[in-house]
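Listed in TrEMBL for this protein:
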ACT_SITE  A:K215  active site, N6-AMP-lysine intermediate
BINDING   A:E213, A:R220, A:R235, A:E264, A:F304, A:R379, A:K385  ATP binding site
DOMAIN    A:292-419  domain 'ATP-dependent DNA ligase family profile'
Amino acid sequence: MHHDCMLLARLARVSQEVAATSARSRKTALLAELFREAEAADVPVVIPYLAGRLPQGRIGVGWKVLGARVDPAAEPSLTVREVDDRLTRLAAVSGPGSQAERTRLVGELMGAATEDEQRFLLGLLTGEVRQGALDAVAAEGLAQATGAASADVRRAVMLAGSLRTVAEALLADGPRALGRFRLTVGRPVLPMLAHSASSVAEAVGKLGVAAVEEKLDGIRVQVHRDGDTVRLYTRTLDDITDRLPEVTAAALSLPDERFVLDGEVLSFDADGRPRSFQETAGRVGSRTDVATAARTVPVSPVFFDVLCVDGRDLLDLPLAERHAELARLVPEPMRVRRTLVTGAGDTGPAERFLADTLARGHEGVVVKGTDAPYSAGRRGASWLKVKPVHTLDLVVLAAEWGHGRRTGKLSNLHLGARAADGSLVMLGKTFKGLTDAMLAWQTARLGELAVEEYGWGVTVRPELVVEIAYDGLQRSTRYPAGVTLRFARVLRHREDKRPEEADTVEALLAAHPGVRP
DNA sequence: TTCCGACAGTGGGGTCGCAAT
DNA sequence: ATTGCGACCCCACTATCGGAA
């Protein structure tokens, strides 16, 4: 055995151990032990693998390409480097016949893997390792393995936008290497995210002095400009510069030459009302004929934060100071609308601002503590989004068996509304909002109502009513009413209601006049 | 001791691009 | 020309661990 090149079997075993332990501290220790053993050349592979991701990112392999089961090898022989080489070649396959070729290559790889290795590879390729440890736990393990402070490692990962880069530097040069990771124009950082609050009053109550900003329903964008060079990144740091020439032009129109801005990109119609999320997303997703797409659905950037300007890193400044810089750099129409409130006794203006924002066709508001720094890569408690919630009483038509910790439970519900002729029309599915107790209860109840058992679940007599919360209505080509619910989740089972009392498609459409099938 | 922040898991719908049919 | 798959946008919510209060 070559001890200088790690075997995949070792990773597969550690992954299994990590999955089998619930204590996060123990998971961390297991990962740290493995990282300590890894040779420098293996690190760029071992680290992402144990964080449950491929260093190549997604490589066009899903359940179809994984296809049929392959007989496993009896003895482990694959090294992590060999696996990485094979997957790099696989990722490069394209053109006619590529699906067959990818299937062949995956089969070959699986045939060289033992049963345990197959299980691990399957998780990696589908992006579902389910070992209870992803980037954050891996970063903690890396800190433990190298003796670096975990907060420093976390910060470096946010600024590098990549665990792998930080791992390589750390294992090569030790903790002092972390100082090299600074906010740099042209290198995207993980964006700060928001928590939810159920009302403006709740959000302001938690945050005190706060800015209330409109929440636009588009695509998050991070804009880097260095002189004549502009680059645009999504929330997951994908480079989408080539798709949005208008945004590049907007960045070039600003007075400063070096900055990083955070904002939302979306499309407005001729009257200045925001177009639907679906239209904006379609535009941002278009890559082949950008010129035509830009003519039919032009987009605009609307900024709400600035992370860096003229080489000054603003991340640790309070929002109030960052916003002062933003206001200096970015003219009014290219900035998110906002209002300031002084605390819990002052929610009136915030409520009015929310109502006005909704009237103008936007999604809701984000309430932000004005003292808070920019917590890159974190779901900071200092940003709280508030969106209106709609509810409906719908009838369960069928339910699908869950996976993972929901194995053996009827989890994903098919939801129906009443139509004019008395029939039930499916509007979508949901698995969200269920506690373990609700899951157990509905599994038993739906078992009683079961009509037919399929591999995926059961169809049931349409008698169970559920109260569903959702964020809005959107067009659908999949469902018969031509519309579906956005972000549907279960609030409670309504045994007190009969299916005849459920809501109708007609009423649903009437409640959302802006959306037509 | 209790509370709460951070994480991972469990999936939802739409849209685009590309390959297969 | 149409269909199916995979990637990647948007995302809500619960359970759990472990440190903060």
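Including glycine, each Cβ sits where the backbone N, Cα and C put it.
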- Message: Cα-Cα, whole number of Å: A:K215 (active site, N6-AMP-lysine intermediate) versus A:R379 (ATP binding site)?
- Response: 16
- Task: For the domain 'ATP-dependent DNA ligase family profile' (A:292-419), give the DSSP counts of helix residues, strand residues and coil residues.
- Result: 37 helix, 54 strand, 37 coil
- Please find, for A:E213, A:R220, A:R235, A:E264, A:F304, A:R379, A:K385 as listed binding ATP, the greatest distance between any two Cα atoms, in Å. 19
- Just name the most isolated of the binding-site residues A:R220, A:K385, going by other Cβ atoms within 10 Å of its Cβ. A:R220
- Note on the structure: For the recorded positions A:K215, A:R235, A:R379, the largest set of other C-beta atoms within 10 Å encircles the C-beta of A:K215
- Identify, among the binding-site residues A:E264, A:F304, the residue whose Cβ has the fewest other Cβ atoms within 10 Å in this structure. A:E264
- Sort out the sequence-distant neighbours of A:E213 (ATP binding site) for me: same chain, 6+ apart, CB within less than 8 Å of its CB, listed by position. A:F304, A:V336, A:R337, A:R338, A:V365, A:V366, A:V367, A:K368
- Message: With DSSP assignments reduced to helix, strand and coil, which class does A:R235 (ATP binding site) get?
- Response: coil
- Query: Helix, strand or coil: which one is the residue listed as 'active site, N6-AMP-lysine intermediate' in, per DSSP?
  - Reply: strand
- Item | Reported mean pLDDT - the domain 'ATP-dependent DNA ligase family profile' (A:292-419) | 95
